[in-house]
Amino acid sequence: MGKRWLPSLALLPLPPPLLLLLLLLLPTNASAPQKPIYMVMVPSLLHAGTPEKGCLLFNHLNETVTVKVSMESVRGNQSLFTDLVVDKDLFHCASFIVPQSSSNEVMFLTVQVKGPTHEFRRRSTVLIKTKESLVFAQTDKPIYKPGQMVRFRVVSLDENFHPLNELIPLLYIQDSKKNRIAQWQNFRLEGGLKQLSFPLSSEPTQGSYKVVIRTESGRTVEHPFSVKEFVLPKFEVKVAVPETITILEEEMNVSVCGIYTYGKPVPGHVTVNICRKYSNPSSCFGEESLAFCEKFSQQLDGRGCFSQLVKTKSFQLKRQEYEMQLDVNAKIQEEGTGVEETGKGLTKITRTITKLSFVNVDTHFRQGIPFVGQVLLVDGRGTPIPYEMIFIGADEANQNINTTTDKNGLARFSINTDDIMGTSLTVRAKYKDSNVCYGFRWLTEENVEAWHTANAVFSPSRSFVHLESLPYKLRCEQTLAVQAHYILNDEAVLERKELVFYYLMMAKGGIVRAGTHVLPVTQGHKKGHFSILISMETDLAPVARLVLYTILPNGEVVGDTVKYEIEKCLANKVDLVFHPNIGLPATRAFLSVMASPQSLCGLRAVDQSVLLTKPEAELSASLVYDLLPVKDLTGFPKGVNQQEEDTNGCLKQNDTYINGILYSPVQNTNEEDMYGFLKDMGLKVFTNLNIRKPKVCERLGVNKIPAAYHLVSQGHMDAFLESSESPTETTRSYFPETWIWDLVIVDSTGVAEMEVTVPDTITEWKAGAFCLSNDTGLGLSPVIDFQAFQPFFVDLTMPYSVIRGEAFTLKATVLNYLQTCIRVGVQLEASPDFLATPEEKEQKSHCICMNERHTMSWAVIPKSLGNVNFTVSAEALDSKELCRNEVPVVPERGKKDTIIKSLLVEPEGLENEVTFNSLLCPTGAEVSEQISLKLPSDVVEESARASVTVLGDILGSAMQNTQDLLKMPYGCGEQNMVLFAPNIYVLDYLNETEQLTQEIKTKAITYLNTGYQRQLNYKHRDGSYSTFGDKPGRSHANTWLTAFVLKSFAQARRYIFIDESHITQALTWLSQQQKDNGCFRSSGSLLNNAMKGGVEDEVTLSAYITIALLEMSLPVTHPVVRNALFCLDTAWKSARRGASGNHVYTKALLAYAFALAGNQDTKKEILKSLDEEAVKEDNSVHWTRAQKPRVPADLWYQPQAPSAEVEMTAYVLLAYLTTELVPTREDLTAAMLIVKWLTKQQNSHGGFSSTQDTVVALHALSKYGAATFTRAKKAAHVTIQSSGAFYTKFQVNNDNQLLLQRVTLPTVPGDYTAKVAGEGCVYLQTSLKYSVLPREKEFPFALVVQTLPGTCEDLKAHTTFQISLNISYIGSRSDSNMAIADVKMVSGFIPLKPTVKMLERSVHVSRTEVSNNHVLIYLDKVSNQMLTLFFMVQQDIPVRDLKPAIVKVYDYYEKDEFAVAKYSAPCSAGYGNA
């Protein structure tokens, strides 16, 4: 009703005479002649640049009119429709495109209809949003291990899910510390997608990573993945418990099953713990105050399961102060291996015994049309309760009814609305009364009632339309018959023979369908129903809203709206099929993809074990639909929600007296009018019809009741506007985590087929595909399974390594998963490399039945050194001999399984390596070099081996080994840089000499990317870097390392992405360390104390930093550089006057710094001074330190030069080669003599002694190589021959000069001759390796190694013991540089990692690593004070006749300073567990 009268003193019922008075007051046009009708509907939210629809309705036109629709903004007016001519009745929906906009803005939309005698103009606001694409990313798996390749796809779609070849301005990878570690810019998608990849470093920051995509519109899209060290689970622990129990339940069933990833049951033992925790736990009052717990433990049954009916009494379900849930934790230990996996379950506790809720009930009622609906009765678990009586009450309708639930727990009701006089209807549903018993801290059961309130629909003529809603989600491609009920007032319809009903459908925020329905009207039949057929297609998903309305002759608009949920379907129907869907490892299978013709499909198949480790949100239609900017437009967006102009005016407030009581009209806010229905659909209406209920005029001086304009979903729309919604015989060795990651194009028939090889992992693979078509858009396949399975297979158990002379037990376990018994023959292939003896009486075959396993063992004694292969085959035999009263079968496929594993057999003692290098350059005549291989007297028998490598480039060996330049650990911030920086010099050199191949470039850039990621682990928040990163208590930033990283990152920018902020922050931090005199203050410890020597520490460090700043191409005029050069200039002038010491290391740095600064005079002056101190011998030049560690007297070969001497000599070489133009002949002559000495110091991997000398020397050699590079006209011929029969020949030419050519020398010791003839220089490198037994002698370190217990008396000593190290420095210096303690494990034992990690709590231990069978302990320095370290080890594999293991402590920068000691396991004789 338009008005409602309220007494001013008290609320009274509305008297009948007043109802007539109210109806007379309402406006009516029943007798008025028909006038032209104009109605235009447009969504209140429009998207720029995309097709939108507006619907026009013109009726009763008596003249031709023109229609104009335009938009107004601060930027001017823009026409959508211009001079559209209409000369007859019209209902039409027209498409238009809103011009592009740079940002979201509210605009005015004006509709103007003009004729000769009539003119209509309305103006309202709409929100224009910029066009948004739907962008998402997909990774090949959700979690990665360090060092793995991350592969991902970027996909872009329009709002109809069709592919967009969008330009992506920026995409980057962000690690868990918010560092950008990889970046791509300005690339365009092809076919709607792009496939990219990048490698993780071997030591990345672990945690949550993101693929971050910046779209053209500026929106940011993120896709998460994890980086973590993990071991794929062998099996899954599934815990099945009730989702909910009530406080009245006395027992619950708990079930736990262990299932292998290939679907078979796990044999083993299960432990289940069920707890109800206290809400506010305290350790002060015992375990009972923390939780009520029950524990169960037993063997799994044949199905791999355990089931228990658990009494709930012990969990005190009615106690209030405990959590309303039971936590179930299960642990299964696999039989035989002891491998453990866990699973969890959760059961909620509820006091709700029964609950009623209304289902499919309208929010409005219409007088005269029954109000129908349903209520659902469920128990506390949510299970429907059938055949129970429900009470339904509606006071406003004066109705109380009883109804019974059906088998689905639903009860239907219908309420007669004829006599409802008010504007709201409240319906109550009740099942049982709740227990009204209250107790402190006790819970009582509850039966939840349901209440529903519906508001009246306003109609002055009492004419209504009602659309039936549906309680379920509609399927795509079905046809829906929408049921429309109507009741029409005779006076309103007049003499009309028919009424036209108009309908619109909205989805995704836009008008998508429109139509009409003509209803014949006969006298006396003004109440009834009809249906409209609507086809459910993808354009309507996921939510469709329908408005149906008619215009009565009196101008009243009568209608209703309804909302339908539609399944999230996609037009491109994709299917994926494996043929077959089960297969043996290494066999072939076919994968078929069915989709719309010419679709581009992305395929993925992932090991189920990966998904168990890290579940992920599956790429689904739901996920894609969630990307839509608008899924369901309701109400008006923010900024468009102001109350619009009402042209109908208002009703005056005329008080009236009835029976002496004063009544005053007030606005009724409960009734819904047609304007409200259309607004709820997000439609703006421009019309000359009256679609609003009358408004009561406001009156001054009277307390006003504010009108509340209902908006169903305004809060949702505001949130939407403020946020951007935006995986026969077999020999198994290939075990990937992602099997398939491919793009395929479907052919014209809609099919693509690819042949794939099944990996060797026995598991279940989860495969899926998405496809993109220009015609039908996106499609997604269901996830399908492929079972990689071996009906039976064999697995080996063996140690990682043994020492020659030790014996171990090799175990082969055969598992049978066939449904029948098999007779299996197991054979260990004989080899001259080991001696194997069966440990049990040898049988030709073994009977193994379903789900059983059998283990065979051999006592093995290795006879050869190096990697020894063990090949074991298990074959199902055709045998008449019965297995448990049945004939064993032979499977048709997979009747034989072979596995190959290798064992490292190491010589006794400690391995040494000696390298002899020569640079031979024949100039017309043949040149030769004698190679004499000698061994010390204490060499371990058969441990010696030697090889010769021939290269045509002095950097050739380094290029082949850029990630293995040093046979040393790389676990700190400085050492990591030796994996990073040389790649820059290699790329620069090859670029300059035009030798760079795509293969080398790809490899070097990969190493740069991974090195970059690793180095960020050592970054501090202020932009500086330290040796072991920002660790609590050890977070002193290191000035020297920060400068090293800064210049390396700056130089790497030309090859890889480096986040500019890292460079800016490091430079800012360094500038803050600069003192007033231009020098830099030292921060953090210098791990190499060669930089600490002499009084010139500050100058040495300042020279290094200045070099770094100049190498990153900062100009000499830069304030920091200018002041730094002032510091160096002052220092050199002081040194020249003899005011300070004369440190060679410092002078070498100064010479290079002044060379970079372009100060050639000072450079020459320093080089002249250095030349006077040079060591000139063997036609080479180098420099040495005044103080250096003593070389052991018993060495029988020339040792490799110390790190500091290589480094300072390389700096002098760089100074000679750094000139304004090109180096002079004199410079190159001097450089050649230095290069001859430097190349002799290289190790067999192309590196030098340590990290910094390797980086500087390779930089210098690459610069020299580029300056002297020429292409030889003839090849160089190299011959290597012995005094005996050995002879081999190599050729080095322009095509293979980067190729590493190597030959093994047959006899050690022995004498060989190398001869080179032809043109060009040849780099010859001989590597000799051998082992020696440690012997008592004087070392620079004191090292004592002990075990606890020391003897085998303690039974636990067979399987676990403690290793204790006592270390001190007793050399020529006050303390050592950074040192490494390398503890090799006794064969068959592994370290307990938590006890190793605890070593890092020691003040001098910076880092620990477990690498293969070694424990590495990083010590920042070792002094003369004894340092004691200890950790635990435990037996992994039994080994007999254990040999002692070696512990070595060495100075990282002075490798000739070391100490070795050996230790034995307490139980060394016989088996370790005997």
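Residue positions begin at 1 at the first shown residue.
Even glycines carry a Cβ here, placed using N, Cα and C.
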From the list Cys821, Cys847, which cysteine is recorded by Swiss-Prot as disulfide-linked to Cys849? Cys821
Let me make sure I read this right: Swiss-Prot says Cys305 forms a disulphide bond with another cysteine. Which one, out of Cys93, Cys257, Cys437, Cys476? Cys257
To the nearest whole angstrom, what is the C-alpha distance linking Cys1352 (disulfide bond) and Asn1366 (N-linked glycosylation site)? 22
Going by C-alpha positions, which of the recorded positions (Asn77, Cys569, Cys883) is nearest Cys1467 (disulfide bond)? Cys883
Out of Asn402, Asn1366, which of the glycosylation sites has the smallest number of neighbouring Cβ atoms within 10 Å? Asn402
Sort Cys1352 (disulfide bond) into helix, strand or coil using the DSSP assignment. coil
Test of understanding: give the count of other CB atoms lying within 10 angstroms of the CB of Cys849 (disulfide bond). 16
Of the disulfide-bonded residues Cys293, Cys847, Cys1079, the one whose Cα sits nearest to the Cα of Asn869 (N-linked glycosylation site) is Cys847
Given the disulfide-bonded residues Cys476, Cys601, Cys1321, which one is most crowded in terms of C-beta atoms within 10 angstroms? Cys601
Sort the recorded positions Cys771, Cys883, Cys1321, Asn1366 by C-alpha distance from Cys476 (disulfide bond) and give me just the closest. Cys771
Here the Cα-Cα span from Asn991 (N-linked glycosylation site) to Asn774 (N-linked glycosylation site), rounded to a whole number of angstrom, reaches 43
Using C-alpha positions only, work out which of the recorded positions Asn402, Cys601, Cys1321 is nearest to Cys1127 (disulfide bond). Cys1321
Please report the DSSP secondary structure of Asn774 (N-linked glycosylation site), reduced to three states. coil
From the disulfide-bonded residues Cys55, Cys257, Cys293, pick the residue whose C-alpha lies nearest to the C-alpha of Cys569 (disulfide bond). Cys55
Pick the one among the disulfide-bonded residues Cys93, Cys697, Cys1079, Cys1352 whose Cβ has the fewest other Cβ atoms within 10 Å in this structure. Cys697
A 10 Å Cβ contact count, applied to the disulfide-bonded residues Cys771, Cys1127: which residue has the minimum? Cys1127
